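Trainee: Straight out of TrEMBL:
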type	residues	note
COMPBIAS	13-34	compositional bias 'Basic and acidic residues'
DOMAIN	114-172	domain 'Amino acid transporter transmembrane'
DOMAIN	264-522	domain 'Amino acid transporter transmembrane'
REGION	1-34	region 'Disordered'
TRANSMEM	112-132	transmembrane segment
TRANSMEM	138-161	transmembrane segment
TRANSMEM	182-201	transmembrane segment
TRANSMEM	255-274	transmembrane segment
TRANSMEM	286-309	transmembrane segment
TRANSMEM	329-351	transmembrane segment
TRANSMEM	363-384	transmembrane segment
TRANSMEM	409-429	transmembrane segment
TRANSMEM	449-470	transmembrane segment
TRANSMEM	476-500	transmembrane segment
TRANSMEM	512-531	transmembrane segment
Amino acid sequence: MEDDWKPLLTSERAGESYTDRGVMDSLDPKSKRPFHVEPRNIVEDASERVSAEASVMSSRVQYYSRLTGSSDRLLVPPDHVIPAPEEIYIYSPLGTAFKVQGGDGTAKNPSIVTIFAIWNTMMGTAILSMPWSIKQAGFTLGIIILISMGLLTLYCCYRVLKSPKSIPYTDTSDWEFPDVSMVVYWVLMSNFLFNTGRFIYNYVHNVSMSDSEYGTNGTDRVLCPFPNADPERNYSSASFSLNDNSTGQDLFDRWWSKTNTVPFYLILLLFPLLNFRSASFFARFTFLGTISVIYLIFLVTLKAIRLGFHLEFHWFDSTKFFVPEFRLLFPQLTGVLTLAFFIHNCIITLMKSNKHQENNVRDLSVAYLLVGLTYLYVGVLIFASFPSPPLSKDCIEPNFLDNFPSSDILVFVARACLLFQMTTVYPLLGYLVRVQMMGQIFGKHYPSFFHVFVLNIIIVGAGVLMAKFYPNIGSIIRYSGALCGLALVFVFPSVIHMISLRRAGELRWPSALFHSFLILLGVANLLGQFFM
């Protein structure tokens with residue numbers, strides 16, 4: 001009787017047994033394949049009966065299972081013939097088939113949750129550079145480019161979303177790419193930590209910086225950190241108001257420098273967090289990103305109400321206080337927007353949790369609309385309300401928070417919130433980079449502490465060097481956005497779509513011409529960062 005339970009075919013070859021060799025295979029969830037009933041074999045009636053052909057196939061599968069052991073992969077169906085979880089039916093010996101609902105075992109979200117998840121994920125550091133980017137392109141041209149780039153990146157993201165079905169013989173579920181924001185985050189955290197520390201020091205020691213920075217007067221001061229030398233402008237004297245001598249101030253400035261010391265202080269805080277084996281603890285604080293963006297919108301609205309609008313339209317010629325509506329520096333805006341609208345590396349994963357998969361395209365479009373409106377709202381309000389005169393629109397900084405003094409309480413709260421939020425997100429980004437790089441190179445997410453330690457040194461070193469020698473957040477965003485976008489936004493989605501159409505024999509010259517044009521736009525976007 002015991003022999004009846006043994007497989008008819010043994011897997012021993014030249015002294016090697018599959019029982020010993022396949023211990024790990026038996027733990028593979030793919031080693032035990034379900035019986036798949038193709039949809040064409042489902043008889044459409046209330047009982048979901050299967051056809052006779054499907055019943056015969058089920059008998060064959062049971063017969064093959066008796067020929068070999070469960071750990072033997074000799075007769076296991078290959079990966080590419082196994083359907084997606086939502087296409088799997090459970091076959092009953094009684095002749096019925098029941099479709100598996102939510103076969104991936106994960107909770108499904110309604111459309112509104114999916115939309116705001118995309119919005120929250122896409123809302124990043126680029127929102128701080130949006131007013132500066134619009135200024136670089138010109139007010140009118142900037143609005144036109146922002147809308148156009150939103151539509152282009154939406155279409156490319158749509159092509160990414162459809163890519164798993166376009167290439168049925170390739171597993172695209174793990175098409176994730178390292179985040180390019182870690183260097184940007186380090187520069188911004190250095191900036192926020194510097195201004196937060198200065199606010200606390202000035203408050204404790206009763207230091208007034210109102211006469212040491214060039215800008216407007218009043219309760220809502222706006223600064224021009226790097227004004228052009230102009231004898232006609234009324235520059236304030238660079239003097240401090242202190243209760244005692246300036247020895248303490250000089251010592252503080254020496255040890256609390258935005259580029260020389262603060263980027264290194266961050267190492268003490270963030271480097272130990274990067275070495276955690278799991279980043280699940282920091283994932284609990286992702287909601288802070290939404291709170292920070294909402295507070296920024298509130299801050300921008302309040303500043304615009306208090307400052308009012310200051311606009312003059314000069315189409316091609318610049319004036320003393322205003323920039324032209326159309327400027328040749330517009331590629332800097334396209335580079336920033338490529339990163340601002342970038343979610344192409346994780347859109348497939350985000351959309352898998354959508355409850356109604358048939359609404360994926362609609363939900364993606366609504367999310368892009370909300371993101372575009374948010375960027376447009378912040379960029380236009382800050383640009384329009386920037387007080388010109390007496391300040392020039394060219395004074396708008398790549399991080400618009402730098403146009404407000406460190407003594408501004410509302411801006412201090414914004415910087416403190418963003419600093420804490422980025423401190424919790426940075427280990428998550430490091431974890432993603434570690435998982436993707438270590439998984440590709442060593443096949444393990446955490447091969448050893450030494451490997452992770454070396455990787456983290458490289459990541460942190462890149463951020464420290466950038467924060468010290470090139471802390472221009474706008475340029476970092478536009479260069480990284482254009483470089484990353486060339487491959488992941490323009491080239492890969494277009495090429496994959498054309499290959500899938502060519503395989504199906506449906507590629508026509510209008511489609512080939514349009515998608516080739518998208519690739520050329522990506523190349524021009526990258527080259528424009530170096531020549532404009």
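Heads up, the Cβ atoms here are built off N, Cα and C, so glycines get one too.
These figures come from a predicted structure and were not determined experimentally.
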Trainee: Thinking of Cβ pairs under 8 Å, which stretch from 138-161, 182-201, 255-274, 286-309 has the most of them with the transmembrane segment (329-351)?
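Mentor: Maximum Cβ contact count belongs to 138-161.
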Trainee: Taking the transmembrane segment (112-132) as the first stretch and the transmembrane segment (286-309) as the second, find out whether 3 or more Cβ pairs fall under 8 Å, excluding pairs closer than 6 in sequence.
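Mentor: Contact between the transmembrane segment (112-132) and the transmembrane segment (286-309): present.
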Trainee: Spell out yes or no: are there three or more C-beta pairs under 8 angstroms between the transmembrane segment (476-500) and the transmembrane segment (409-429), with each pair 6 or more apart in sequence?
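Mentor: Checked: the transmembrane segment (476-500) vs the transmembrane segment (409-429), no contact.
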Trainee: Mind tallying the domain 'Amino acid transporter transmembrane' (114-172) by DSSP state, helix then strand then coil?
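Mentor: DSSP classes over the domain 'Amino acid transporter transmembrane' (114-172) add up to 49 helix, 0 strand, 10 coil.
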Trainee: Looking at the stretches 138-161, 286-309, 363-384, 512-531, which one shares the most CB pairs under 8 Å with the transmembrane segment (409-429)?
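Mentor: Selected stretch: 286-309, with the most Cβ pairs under 8 Å.
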Trainee: Please work out which recorded stretch in 138-161, 182-201, 255-274, 286-309, 512-531 has the most C-beta pairs separated by under 8 angstroms from the transmembrane segment (363-384)?
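Mentor: Comparing 138-161, 182-201, 255-274, 286-309, 512-531 against the transmembrane segment (363-384), the winner is 138-161.
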Trainee: Quickly jot the same-chain residues contacting the transmembrane segment (286-309) by Cβ under 8 Å, restricted to those at least six beyond its ends, or write none.
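Mentor: Non-local partners: 116, 120, 123, 127, 220, 222, 374, 377-378, 381-382, 384-387, 404, 410-411, 413-414, 417-418, 420-421, 424-425, 428.
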Trainee: I need to check the long-range neighbours of the transmembrane segment (255-274): which residues 6 or more away from its ends have a CB within less than 8 Å of a CB in the stretch?
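Mentor: For the transmembrane segment (255-274), the list is 186, 189-191, 193-194, 197-198, 201, 282, 423, 426-427, 430, 452, 456, 459-460, 463-464, 467-469, 471.
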